[in-house]
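Peer 1: What follows is a single structure, and I will ask about it in a moment.
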Amino acid sequence: MTVRNPVPLLLVGLMLLAAWTLPLLSHAPNRLLSGRGIQLATLLHGPRLLLLLPAVPLLAAPWLPPRRGCCVLLASAASLWLAALTGLAGAEAARLAGGADTLARTSLGGGYWALFILGALLANDALRRLGGAGGRLALAQLALYLPLLWLLLSGRLEALSLLKEYANHRDSFDEALGRHLQLVGLTLLPAGVGGAALGLWAFCRPRARGVLFAALNIVQTVPSLALFGLLIAPLAALGRLLPGSGLAGIGLPPALLALTLYGLLPMARSTLAGLQQIPDGVLEAARGMGLSAGQRWRRVELPLALPVLISGLRVTAIQAVGLAQLAALIGAGGFGAIMFQGLSGSALDLVLLGVIPVVALAVAVDALFKLLLSLLEVGPR
Amino acid sequence: MNRPPQGWPKTLRQWARTPLPWSLAALLALTLGMPALRPLFAALFPELDRPVYQQDSFAALVLAHVALVAASSAVAIVAGSVLGVAVCRPAGRAFRPLLESLLAMSQSFPPVAVLAVAAPLIGFGEAPALIALVLYGVLPIAQGTLAGLDAVSAATREVAQGLGFAPWQSLWRVELPLAAPVILAGVRTSVVINIGTATIASTVGAKTLGSPIIVGLSGFNTAYVIQGAVLVALLAICCDQLFERLQRRLSAWQPRQEDTAESAALPPLAGH
């Protein structure tokens, strides 16, 4: 039989290798002792073998014809496989925790993460071959994780140490989520408006472009930690001068200022690109129709430049989600605070509790903006 | 009395205008002369007992930072360009969507997350830093290689083929030189990102210019923070400008893509 697609062959080969060599779970009697690895193969017996069902199409993937139906089958099988794998881990953790000692910890091992990432890549590959517009692809990519989300919400995973960490830190988790969203949301507004204004200015004054983008590029070049650090002293001094202003060297103000400064470049750049890509003929036609400058701006230039502008906002938002992680170091909170707390205690589960939501947030923001873009492109102009 | 050569004042003016020598001089002066600024920091922060970071000399920190970035960038350049070239060859073309979705996926992982996950697994210090730096260094270079090779026109490739170049000869002598500026732009982005990631790497115990910042942040010593931040910002700016100059050199040396495409299309026309 001829291999029709070498990509699943590579991914499935790596999955088999990971399942064979790496432990799916790691079980320790308490958090001080190092864990004992549990292989996937030892967990599969009796009715649990049914969980392997979604893996069958995946194993056959290299030989499946590149037809629409096959791609849909593969993507849904991969999605179910991710859920089955996670459900198996959760069930085994619950079984192991069945005993009296509540100190026992069952955490997800390297094998689980490798199988998860490879499975997600397989699903993405199948979806990409389906084709389709950016918005639908983004929605489908999000839908891949729905079975997993259902599993998480149904409480079947609660015995895993990651979820135990969540239960222990529920308050600080909720606070971190709120703060992280606050950081990103409050950055998007000034960075979006300011960056768009700068881009517009650069469009109207081509002479200023060189200086403006050189300056923004320097800001982007400065490492984020350094920028956070450099803003501490000036803002602290400002806070002392204006006691009622709420300004301070650490906390929200320097974090928001730094995130906004970083967001200006992608925003300004895409505004300029969005305005530049409007064909001269279109503007001339608008002028010929007798539209005033304001009307041209509202009815021609802005709608035509909007998709590029939104994609600039998308870059700014994803960048802000990641950078906000570091803002914890200057006392601005967010998921970074949980991550660094875990790091100082060398507690991997706590680190993951601070990392996974950020990755999920970035993926969700990315998909949302892609969806918005596709709506703009389809909708009336 | 010798008059300076004709072009001299102009060159001098150019020198004064180009920012690279100035930033390099500032970096060097601050690296070596930070202890001399002690009175300044003591005046600015009278509440601090030790206003200048002294656990390591700043020269040692700059060297350690540069060494970490250089080592990881070297690996990233090789890995990134090999990956980029491999998925553009007929044999590896099927893997291109996979590489692209991998690149897109990694965009949602902040570098500090990789550091934080790697450190409890493989221990604190330089090792997790190297892993994160290589991982994040590969991305822009692979992207640059892909974009650069894509931009080589089909006509150019056909001419190379018509001249009797074997596929790898065409790659090595035609396509890669033409793609070089875009690949170099990828390397520039990669190195600048790595300087930033190396700064954060001090949170997992690597000794870099981020160390004074982290020590200062945890000990409420703003002077330490400023010293580390100014130096690492200057280092990043210097590297960026160095690469910009290199890029300008490279694009001055190389024929313009359109010209090549045109001249490539010329021979059959001339045969008319």
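Glycine residues also receive a Cβ, built from the backbone N, Cα and C atoms like all the rest.
For reference, TrEMBL lists these features for the protein:
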type	residues	note
TRANSMEM	A:45-64	transmembrane segment
TRANSMEM	A:71-90	transmembrane segment
TRANSMEM	A:110-127	transmembrane segment
TRANSMEM	A:139-163	transmembrane segment
DOMAIN	A:177-369	domain 'ABC transmembrane type-1'
TRANSMEM	A:183-204	transmembrane segment
TRANSMEM	A:211-233	transmembrane segment
TRANSMEM	A:245-265	transmembrane segment
TRANSMEM	A:350-373	transmembrane segment
Peer 1: Which bits of the chain, at least 6 residues beyond where the transmembrane segment (A:110-127) starts or stops, bring a Cβ under 8 A of a Cβ in it?
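Peer 2: Same-chain contacts beyond the flanks: 7-8, 11-12, 14-15, 18-19, 21-25, 39-40, 58, 61, 71-72, 74-75, 78-79, 81-82, 85-86, 89, 137, 140-141, 144.
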Peer 1: Could you pull out which residues elsewhere in the chain have a CB under 8 Å from any CB of the transmembrane segment (A:211-233), counting only those six or more residues past its ends?
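Peer 2: Residues 198, 201-202, 249-250, 254-255, 257-258, 261-262, 264-265, 268-269, 323, 326-327, 329-330 contact the transmembrane segment (A:211-233) from elsewhere in the chain.
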Peer 1: Sort out for me which stretch, of A:71-90, A:139-163, A:245-265, has the most Cβ pairs below 8 angstroms to the transmembrane segment (A:350-373).
Peer 2: A:139-163
